[in-house]
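Working notes for the structure below.
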């Protein structure tokens with residue numbers, strides 16, 4: 001484990017931060033482009049929000065699968081492949097001419113997302129512990145915050161030329177690939193090839209117990225699959241079986257193959273069920289509560305991420321660039337406050353930090369009702385983001401450090417499924433709410449949800 005004083009000089013940390021920084025672009029580059037995209041394809045606010053939903057809905061499906069894969073076969077193969085797929089799909093969006101293809105490519109990006117930001121959280125849990133881990137999580141949150149500030153500003157400038165240009169910035173994924181390839185080996189705490197082989201052996205154990213030992217290289221497969229052949233060899237050990245005389249009918253061979261696949265499927269289901277039970281056993285009540293709070297925060301946060309650019313243009317009467325600024329300041333807290341989360345956690349209890357952070361975000365969301373001055377709205381969003389900046393690293397650290405290394409990837413997957421599910425549903429849910437009401441109702445609802453969540457977290461954590 002790296003010492004705190006050496007953390008900043010650890011190249012592995014910078015590779016992880018690059019991985020996380022690319023992941024945060026999943027929304028921050030896209031939000032400023034939504035007004036221009038809606039105009040080009042003649043879309044309603046609710047429908048253009050599907051650009052976010054298409055990404056995060058597929059990510060919700062992919063995250064549990066990737067969590068299992070990383071715990072079995074290791075981290076490195078997953079994050080390197082994810083960077084390539086994510087970068088190619090994102091860049092191509094800037095060249096397509098139909099909204100359907102935009103949604104398709106966003107869905108492909110979503111499949112790669114679990115190998116980026118969620119993977120970065122897992123890797124910190126693998127490589128660091130204690131205050132160092134909290135500080136590293138703070139750096140990660142700060143990096144995502146910095147990306148959340150800079151990328152919408154850049155995208156806001158580019159969308160004044162064309163809404164397509166921000167998507168070309170996904171080419172940054174290829175630079176992150178180089179960093180991770182050179183600086184980020186497979187962590188010692190991550191699964192090894194030996195464990196992967198054990199898993200594969202577990203898949204075929206049911207088959208082997210019925211079929212006998214595997215044939216040696218070059219041996220005829222019928223020696224395993226043909227019971228008559230086996231009996232002939234046992235009766236005459238020195239003889240060579242006559243495979244022309246002892247032949248299985250085609251339907252028997254088909255039945256043997258079917259049995260083999262059934263055995264493999266059964267072994268796979270048994271293994272996966274066991275892995276799910278391991279996750280259930282490892283999740284503490286504290287971790288469960290925090291995961292629920294994270295879901296609520298991301299549900300409201302990404303409603304603001306999605307609709308603030310549209311709010312800036314349609315209600316405040318400003319430019320798309322100011323809409324990008326509004327998104328940028330929502331990431332300010334992650335850049336400014338998050339690096340100090342580890343230091344704050346040594347002076348203030350973690351439940352206090354979590355409850356206060358949620359209240360800060362909720363009150364800030366309500367405060368958007370007080371003014372329609374663009375500069376005041378931007379200031380309010382910046383102050384609101386401080387709550388998110390302190391909450392995220394502390395929540396990540398508690399959840400990851402509560403999990404044993406053997407199941408950490410799956411525990412983080414549970415956390416990320418919650419986050420990503422909230423992000424996927426948020427644009428649709430708040431888009432429908434917005435279509436039926438107004439931005440006033442949106443802000444009231446978001447603030448109320450944060451206040452309720454803060455109260456629940458306080459009741460659960462302060463009783464422990």
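Residue positions begin at 1 at the first shown residue.
Here the Cβ of each residue, glycine as well, is placed from N, Cα and C on the backbone.
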Of the residue ranges 241-260, 261-280, 321-340, the one that TrEMBL records as transmembrane segment: 321-340
Which one of 139-159, 202-222 shows up in TrEMBL as transmembrane segment? 139-159
So, taking each listed stretch (78-101, 139-159, 321-340) in turn and counting its Cβ pairs to the transmembrane segment (290-315) that are under 8 angstroms, which one gives the highest count? 321-340
Overall pLDDT of the domain 'Major facilitator superfamily (MFS) profile' (12-464), taken as the mean: 81
The answer for the transmembrane segment (439-462), taking Cβ pairs under 8 Å and residues 6+ beyond its ends, is 285-286, 289-290, 292-293, 296-297, 299-300, 303-304, 307, 311, 315, 350-351, 354-355, 358-359, 361-366, 368-369, 430, 433
Give me the stretch from 78-101, 107-127, 165-184, 321-340 with the greatest number of Cβ pairs under 8 Å to the transmembrane segment (139-159). 321-340
Remote residues contacting the transmembrane segment (165-184) - C-beta distance under 8 A, at least 6 residues beyond either end: 11-12, 14-16, 18-19, 21-22, 25, 29-30, 32-33, 76, 79-80, 83-84, 86-87, 89-94, 109, 123, 151, 154-155, 158-159
